[in-house]
Amino acid sequence: MRKSTHNTETEINPVDIFVGQKLRDFREKVGWTLSDLAEKVGVSHQQIHKYEQGLTKISASMLYKLTTIFKTTSNCFFEGFNPELLQEKEIKTDDLISLETKGHINLLLIEDNPADEFLVRKVLESAKYQFDIYCLHEGDEVLDFLRHKISLTSFSRPDIILLDLNLPKVNGLSILRALKQDRDLQGIPVLVLTSSLSKMDMVNAYKNYASGYIIKSFEFEIFKKNLLMALDYWVETVVFPEQV
């Protein structure tokens, strides 16, 4: 994860941020996930996420695609933007985003299978980041832990969650749905880990705003490569506010 620190060389384009927020509003209004919109315009869901965060400028050709899909005009993406207000208000350099990686990543692993837990921990040992790992084994204890109804450890709020779908008592999709409906928790990226090859499971995971869907391959090196690739994206590329 990245955190906000002082960086005088960082450039912020308020227009990109404003247009990105408009794009997210349009998408959420029609009830589409990042993956839904990405499929319609022919890019990755990660790229749509960058557009919505204002991290990547939306090109004229992409804006045309978006206006066609949402049946609107390009003016609607800029409606309400007032450049004069930006001239009157100085942007402080200490409010800009730098690309400094957070030192320790708090990772919550939700996994009931000891063998799979061991494999995940083995993969994380080879990562280039320092992960502080805490594992929960049953679905019914997850939300209580995250909402601080029970005090199990001094483990901090997670930066990222790895969630197994097949959990006892409360299944993974129910946990994912509850997380994304909770205002305090919905911003935490959740990567689903599963041995299921069901397309329906994958579709339901993304419909409930999973940040990724990773198959537990029988080949350790393949599983390792896929998991580290997903973690690289969420830890190194995506910008999030520092937890306070």
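We number each residue from 1, going along the chain as drawn.
Cβ atoms are placed via backbone N, Cα and C, with glycine included.
As recorded in TrEMBL, the features of this protein are as follows:
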- 23-77: domain 'HTH cro/C1-type' (DOMAIN)
- 106-231: domain 'Response regulatory' (DOMAIN)
- Asp164: 4-aspartylphosphate (MOD_RES)
Please work out the helix, strand and coil residue numbers for the domain 'Response regulatory' (106-231) from the DSSP assignment.
51 helix, 26 strand, 49 coil
DSSP helix, strand and coil counts for the domain 'HTH cro/C1-type' (23-77)?
37 helix, 0 strand, 18 coil
